[in-house]
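Feature annotations, courtesy of Swiss-Prot:
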SIGNAL    1-21  signal peptide
DOMAIN    22-114  domain 'Ig-like'
DISULFID  Cys42-Cys110  disulfide bond
CARBOHYD  Asn76  N-linked glycosylation site
CARBOHYD  Asn89  N-linked glycosylation site
Amino acid sequence: MGCRLLCCAVLCLLGAVPMETGVTQTPRHLVMGMTNKKSLKCEQHLGHNAMYWYKQSAKKPLELMFVYNFKEQTENNSVPSRFSPECPNSSHLFLHLHTLQPEDSALYLCASSQ
């Protein structure tokens, strides 16, 4: 099987907690090929200043990818450039995905805090 035929599945578990928590993530599930470009959206209505993206790979601990505080990126744990966050305002944080690799198959989660 050639590399061109290999697809990378990015799965997002969304809505795992009740909607009244004030943090939502869309789309609920995302499957994409290695050449596609897609985005995940995180939205919070809690008035929090900080927002986060996490990655949970199979049989690995939860990994912090990006931290934004007051719309400014304060942490990036050497995340590959094929993942690019965007924080247009204090209640939205996007994770743009492109040219994914097989090792990118994971559960991606967002969160917010004071």
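The backbone N, Cα and C atoms fix where each Cβ goes, and this holds for glycine too.
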Long-range Cβ environment of Asn89 (N-linked glycosylation site), under 8 Å and at least 6 residues apart: Lys71
Distance [Cα-Cα, Å, rounded] between Cys42 (disulfide bond) and Asn76 (N-linked glycosylation site): 17
Cys110 (disulfide bond) and Asn76 (N-linked glycosylation site), distance between Cα atoms, whole Å: 14
Residues that sit under 8 angstroms from Cys110 (disulfide bond) by C-beta distance, when 6+ apart in the chain: Val23, Gln25, Leu40, Cys42, Met51, Tyr52, Trp53, Tyr54, Leu93, Leu95
Assigned conformation of Asn76 (N-linked glycosylation site) - DSSP reduced to three states: strand
Assigned conformation of Cys42 (disulfide bond) - DSSP reduced to three states: strand
Residue among recorded positions Cys42, Asn76 with least C-beta crowding, 10 angstrom cut-off: Asn76
